[in-house]
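Per TrEMBL, the features are:
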type	residues	note
ACT_SITE	H70	active site, proton acceptor
BINDING	D71, V74, G76, D78, S80, E92	Ca(2+) 1 binding site
BINDING	H197	heme b binding site
BINDING	T198, D249, D257	Ca(2+) 2 binding site
DISULFID	C39-C119	disulfide bond
DISULFID	C72-C77	disulfide bond
DISULFID	C125-C326	disulfide bond
DISULFID	C204-C236	disulfide bond
DOMAIN	29-330	domain 'Plant heme peroxidase family profile'
SIGNAL	1-22	signal peptide
Amino acid sequence: MAPSMRFLVFFSVLALSPLCFAFPHPDGHLYPQFYDHSCPKAQEIVGSVVAEAVAKEARMAASLLRLHFHDCFVKGCDASVLLDSTGTFLSEKRSNPNRNSARGFEVIDEIKSALEKECPLTVSCADIVALAARDSTVLAGGPSWEVPLGRRDSLGASLSGSNNNIPAPNNTLPTIITKFKLQGLDLVDLVALSGSHTIGQSRCTSFRQRLYNQTGNGLPDGTLDAAYAAQLRTRCPQSGGDQILFPLDFVSPTKFDNNYFRNLMAEKGLLSSDEVLFTKSAATMQLVKLYAENNELFFEQFANSMVKMGNISPLTGLRGEIRKHCRKVNH
């Protein structure tokens with residue numbers, strides 16, 4: 001289309017629908033400029049609290065990133081993961097994927113408290129979680145992206161959704177693919193987003209079966225490098241020590257990079273749910289190789305997939321609310 005023609009089309013759209021431009025996305029779409037007028041310092045405030053928390057403890061970057069995943073995979077990105085139990089629902093914090101492992105709630109509280117002082121009842125907890133995930137990724141050396149904003153907060157939680165929808169460390173690849181597909185995420189998203197395991201730690205209880213009894217025959221997982229398995233067994237005993245932590249990426253545990261994919265190729269992925277990406281499907285194996293070779297491509301796809309994941313069933317418009325405290329609904 002010639003430039004002049006494009007301008008005419010644009011101009012006629014502008015003339016016919018002035019409201020679209022006066023009120024961006026009236027249909028409830030998220031967009032990065034959502035708080036530009038109502039709370040212009042919102043992103044700056046989130047960024048500074050996250051930076052302080054990660055400076056204090058490098059692991060916090062992975063914890064805040066993980067919160068966003070565990071939020072979005074249950075009822076959409078609506079901050080339901082932050083709610084404490086009440087008389088009407090049980091907290092998602094009690095689910096198998098979150099119990100004794102989901103963390104960073106105090107950091108979210110601190111951000112919320114600062115934002116409530118700056119612009120009361122304006123910035124949702126769901127948006128805070130999305131921004132904190134991006135800022136954590138950047139602080140760990142990963143890619144940045146514009147976070148579409150405008151999510152609102154849920155009025156309840158789903159313990160069963162948290163137990164059933166979040167991929168587990170011992171899930172088979174078809175199960176993991178299905179769980180991603182149910183959220184509108186494809187194979188490329190699955191492999192790229194799994195790359196978030198380039199930072200963070202996992203508990204002995206999450207991968208013990210790979211070390212001692214992967215398929216019920218009393219033998220370790222054959223797709224786990226024998227020397228690496230022997231090393232892991234020295235600190236992850238057959239019983240006890242459930243909470244002992246191990247880096248998900250032993251090469252560069254706090255740096256966001258593509259070593260995660262290189263580890264998979266060397267059969268040194270810590271979790272079964274990681275290693276199956278390289279051993280159980282030609283399509284996912286190809287993507288693992290691609291990202292192992294090309295860090296820039298991994299970063300680009302990770303950023304795209306995070307935006308896509310952050311767009312899972314958000315509450316917008318008049319649905320949900322803007323919570324005053326992230327751990328409880330307003331009434």
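Cβ coordinates are placed from backbone N, Cα and C, and glycine is handled just like the others.
TrEMBL does not curate its annotations; it predicts them automatically.
Taking the Cα atom of each, the residue listed as 'heme b binding site' and S80 (Ca(2+) 1 binding site) are about 23 angstrom apart.
Each of the recorded positions H70, H197 was scored by the number of other CB atoms within 10 A of its CB, and the lowest score belongs to H70. Its own atom aside, the Cβ of C236 (disulfide bond) has 22 Cβ atoms within 10 angstroms in the protein chains shown.
Here is what falls inside 10 Å of the CA of S80 (Ca(2+) 1 binding site) among the recorded positions C39, C72, C125, D249, D257, C326: C72, C125, C326. If you compare Cα positions, D249 (Ca(2+) 2 binding site) sits closest to C204 out of the recorded positions D71, E92, C119, C204, C236. Within 8 Å of the centroid of the Cβ atoms of D71, V74, G76, D78, S80, E92, where the record puts Ca(2+) 1, the same chain has further Cβ atoms from H70, C72, F73, K75, C77, A79, V81, S154, A157, S158, G161, S162. Averaged over the domain 'Plant heme peroxidase family profile' (29-330), the predicted model has a pLDDT of 97.
The least crowded of the binding-site residues D71, D78, E92, D249, D257, judged by other CB atoms within 10 A of its own CB, is D257. The CA atom of C204 (disulfide bond) is located 20 Å away from the CA atom of H70 (active site, proton acceptor).
What surrounds the Ca(2+) 2 site, by Cβ distance within 8 Å of the Cβ centroid and not counting T198, D249, D257, is the set G195, H197, I199, L248, V251, S252, P253, K255, F256, N258, N259, Y260 from the same chain.
Counting only same-chain residues six or more apart in sequence, the Cβ atoms lying under 8 angstroms from the Cβ of C72 (disulfide bond) belong to Q183, M309, G310, I312.
Using a 10 Å Cα-Cα cut-off around C125 (disulfide bond), the recorded positions H70, V74, D78, E92, T198, D257 reduce to D78.
Across the structure, C326 (disulfide bond) and E92 (Ca(2+) 1 binding site) place their CA atoms 13 angstrom apart.
If you take the C-beta of C119 (disulfide bond) and look for same-chain residues 6 or more apart in sequence within under 8 angstroms, you find Y35, S38, C39, K41, A42.
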